[in-house]
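Just dropping this structure here.
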Amino acid sequence: MNKVVLLCRPGFEKECAAEITDKAGKREIFGFARVKENAGYVIYECYQPEDGEKLISELPFSSLIFARQWFVVGELLQHLPPEDRITPVVGMLQGVVEKGGELRVEVADTNESKELMKFCRKFTVPLRAALRDAGVLTNYETPKRPVVHVFFIAPGCCYTGYSFAHNNSPFYMGIPRLKFPSDAPSRSTLKLEEALHVFIPEDEWDERLANGMYAVDLGACPGGWTYQLVKRNMWVYSVDNGPMAQSLMDTGQVTWLREDGFRYRPNRNNISWMVCDMVEKPAKVTALMAQWLVNGWCRETIFNLKLPMKKRYEEVSHNLAYLQAQLDEHGVNAQIQARQLYHDREEVTVHVRRLWAAVGGRRDER
C-alpha cells in the first residue's frame, strides 16, 4: 500500500501537502501529493509500494502541524453496489489488516460530507460485525492493535486502510468532540481546551494541570483561555488592557493586570503555565515566547501563531526553527509541538514544555 490519506482543515490542503512532502522527503520516503482545493484531505502517493506503511510507522504523527489524522490506504473502491456495500469493503481489508482494534468510518470535514456522515454512522455497525467475522477486527476494541479506517469521499466511493494506535490521532476524524461551556466568556476557550487534549496525555493531567498551580494568560480579555485555567483550580494572572469577565473575577482565582502582554514581566518564579492568544505577527509572538522560555519564567506554554495569507507552512516552519535555535543557543532542553486545531482558523497552536535535569520519580524530567 503506497498511499497515505491525511485529513486537514478545508482550505489548508496545500499546506498539508507541502508539509508531508517535506517531512517524508527528509526520511527518504519520496512521492507526490494529490491535492483538491477545499476537499479537507490530501493523498500522498509514495513511489515505492511499501512506503505508505513505512511513513506512518516512522514519522511521528505528533510532528505534523496541518494533518488532523492519517492512515495508509490501497486503491479507491468505486461503484459500491447499494444492495451490498459491505462485501467489497471486507474483501479489500482481508489480508491487509489482521485483528484490528477499532473501526472508524469517516469522511472529510466539509459541508458536502454532512449527508455522507449520516450514512457512515448507519454503516459502521453492520460493517464492524462483518469485519469481526472475517478476522479483520478483534471481537472487542483494543488500543493495542491497528485502527481500521474506511474513508468515504462520495456515496459508494471509499478508501480502506489502517493507522497505528500509537502514532495517530485518538479522535474520530482527528477532531476532539468538545462542548462549549455556557458560562465561558468566549468561544476561544475551546481552542485551549482542545490544545490540552491534543498535547498532554490524559494520564498526566493530574500532575501537569494540577490544583493550585500558578499561570499567566497574556492578552487575556475577556477570559476564554483564563476560564480553562480557573476550571482546573489554578491561580491566574490575566494580563490585558481590556477588562476580564466579571464571572471569572468573582472566583477569587484571577488577578487582572492592566498591562501590555508584550511588556509584562512576571514577579514570581513558580509559574507552571503561560498561555497566549494575541493577534500579532507570528515573529513577534515567537520572540516573546522564546524570551519566557529562555528565562525560565514558565515551565510549559501554549500559544497561537496567526498565519499570513500565503506561504503559511513556510512561515510556521521558520518561526518554530527560530524558537528551537533560541532554546538551543541558551542550553534549554524543551519539547516543541504545533498543530492546526479543529477550533483554530487562520492560525496554529504551539505547545512547548521545558525539561529540567532528571530528578528521580518525576516523569517530566524536571
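Along the chain as shown, the residues are counted starting at 1.
The backbone N, Cα and C atoms fix where each Cβ goes, and this holds for glycine too.
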Swiss-Prot has S188, C221, P222, G223, G224, D260, D277 binding S-adenosyl-L-methionine. Which one of D133, D240, D328 is in the same site?
D240
What is the total of other Cβ atoms whose distance to the Cβ of G223 (S-adenosyl-L-methionine binding site) is within 10 Å?
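Cβ-Cβ neighbours of G223 (S-adenosyl-L-methionine binding site) within 10 Å number 29.
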If you count the other Cβ atoms within 10 Å of each Cβ, which of the binding-site residues P222, G224 comes out on top?
G224
Say we define neighbours as other CB atoms within 10 Å of the CB. Which of the binding-site residues D260, D277 has the fewest?
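Relative to the other binding-site residues in D260, D277, D260 has the fewest Cβ atoms within 10 Å.
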What is the nearest of the binding-site residues S188, C221, G224, D260 to K306 (active site, proton acceptor), using the Cα of each?
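Of the binding-site residues S188, C221, G224, D260, S188 has its Cα closest to that of K306 (active site, proton acceptor).
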What three-state class does DSSP give G223 (S-adenosyl-L-methionine binding site)?
coil
